[in-house]
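Look at Swiss-Prot and you will find Y126 tagged as pheophytin a binding site, backed by sequence analysis. Among the features that Swiss-Prot reports, [CaMn4O5] cluster binding site is placed at D170, E189, H332, E333, D342, A344, with the record citing sequence analysis. According to Swiss-Prot, the feature quinone binding site maps to H215, S264, F265, an assignment based on sequence analysis. Feature annotation from Swiss-Prot assigns Fe cation binding site to H215, H272. As annotated by Swiss-Prot, site 'Tyrosine radical intermediate' applies to Y161. The site 'Stabilizes free radical intermediate' feature in Swiss-Prot is assigned to H190; the stated evidence is sequence analysis. Summarising the annotation, Swiss-Prot assigns transmembrane segment to 29-46, 118-133, 142-156, 197-218, 274-288 and lists sequence analysis as the type of evidence.
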Amino acid sequence: MTAIIERRENSSLWARFCEWITSTENRLYIGWFGVLMVPTLLTATTVFIIGFIAAPPVDIDGIREPVSGSLLYGNNIISGAIVPTSNAIGLHFYPIWEAASVDEWLYNGGPYQMIVCHFFIGVCSYMGREWELSFRLGMRPWIAVAYSAPVAAATAVFIIYPIGQGSFSDGMPLGISGTFNFMIVFQAEHNILMHPFHMLGVAGVFGGSLFSAMHGSLVTSSLIRQTTENESTNNGYVFGQEEETYNIVAAHGYFGRLIFQYASFNNSRSLHFFLAAWPVIGIWFTAMGISTMAFNLNGFNFNQSIIDSQGRVINSWADIINRANLGMEVMHERNAHNFPLDLA
């Protein structure tokens, strides 16, 4: 048998570029989604940093009452934010070239829309990049599926909610105090605390924290010691070792006796799927709740639903929450309303 070896022809520049982009040997995987992710996230990050430091006040309500958000205009890390695009712009696409000047663009909050749009494309591309790398390594796609939960949450507050309310000025400000303001106003207008999807999200986040702490503490408490008493147990682990690093039987037995037998997983794969699925599904529900409340399908209203035999109202906690909602509602954007309550 004769083997014929031919010298490989020099590949084109484009072919070498494609090979480099999709190579899993790079220190950081780029991928085709990364080609879109890198410039969009760099743009969003750069504009955010510059805007947080130096952006002038923004006329968020469209009534010529600008709100300051940057450090150079009197804010600190906690009170500072990228102020949302003006209500005068609404949902219009507002790039720099649509404004008469850069000053007008800044006054109307153009940077917020620029950051949010690039950030949205960037995080979606990051999710796609996770799937792409998993595919090339022969892994299952669940990492990208799990990441879809925070992507859905960000999409809900930055994209879906402004669309439903008719203006980017209703989007979540990009700052700490601005986020709190968004939460308070959202409760006032939509009664989110009484929405079952938000309740499921709370169960997902708090439950996920509890399960993570339980799992971590159980594993840490049942490590198989490979070191002396005078050395850290952690030093007994060798990266890539084939044998188990902890005794799952001991952990299962402990937890089964602490609660009851069937509360403890005896399958490591089922356990880790549960740890991933619980918070992800909870955050999915919260994102769906925000997206439905965006179109004013609000939380439950049990106001004045309990009355005595004489027809007098017996207040429940729902009525107390409603009273708080009314107070928050009439106090926010107090110069923008012609009526005590939004007609929506």
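Keep in mind that glycine also has a Cβ here, set from the backbone N, Cα and C atoms.
Note that the structure is a prediction, hence the values are computed from the model and not measured.
A map of Swiss-Prot features onto the structure.
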| residue | record | DSSP (3 states) |
| --- | --- | --- |
| Y161 | site 'Tyrosine radical intermediate' | helix |
| D170 | [CaMn4O5] cluster binding site | helix |
| E189 | [CaMn4O5] cluster binding site | helix |
| H215 | quinone binding site | helix |
| S264 | quinone binding site | coil |
| H272 | Fe cation binding site | helix |
| H332 | [CaMn4O5] cluster binding site | coil |
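The transmembrane segment (142-156) shares more Cβ pairs under 8 Å with 274-288 than with any other stretch in the list 29-46, 118-133, 197-218, 274-288. Ranking the binding-site residues D170, E189 by how many other Cβ atoms lie within 10 angstroms of each Cβ puts E189 at the bottom. Non-local contacts of Y161 (site 'Tyrosine radical intermediate') by the CB criterion (under 8 A, 6+ apart in sequence, same chain) comprise D170, G171, M172, I290, S291, M293, A294.
Within the chain, the transmembrane segment (29-46) has long-range Cβ neighbours (under 8 A, six or more residues past its boundaries) at 20-23, 114-116, 118-119, 121-123, 125-126, 128-129, 131-133, 136. A distance of 39 Å separates the Cα atom of E189 ([CaMn4O5] cluster binding site) from that of H215 (quinone binding site). Each of M214, L218, A251, H252, F255, A263, L271 belongs to the same chain as H215, S264, F265, is absent from that list, and has a C-beta within 8 angstroms of the C-beta centroid marking the quinone site. A simple way to gauge crowding: the CB of H272 (Fe cation binding site) has 12 other CB atoms within 10 angstroms, across all the protein chains here.
Here the C-alpha separation of E333 ([CaMn4O5] cluster binding site) and H190 (site 'Stabilizes free radical intermediate') works out to 16 Å. A gap of 9 Å separates the Cα atoms of H215 (quinone binding site) and H272 (Fe cation binding site). Here the candidates are the recorded positions Y126, H190, S264, F265, H272. The one whose C-alpha lies nearest to that of H332 ([CaMn4O5] cluster binding site) is H190. H190 (site 'Stabilizes free radical intermediate') sits 31 Å from the residue listed as 'pheophytin a binding site', counting Cα to Cα.
Maximum intra-site Cα distance, quinone binding residues H215, S264, F265: 11 Å. Other Cβ atoms within 10 Å of the Cβ of H215 (quinone binding site) number 17 in total over all chains. In this structure, the CA atom of S264 (quinone binding site) is 35 Å away from the CA atom of Y126 (pheophytin a binding site). F265 (quinone binding site) and H272 (Fe cation binding site) have their C-alpha atoms 10 Å apart, to the nearest angstrom.
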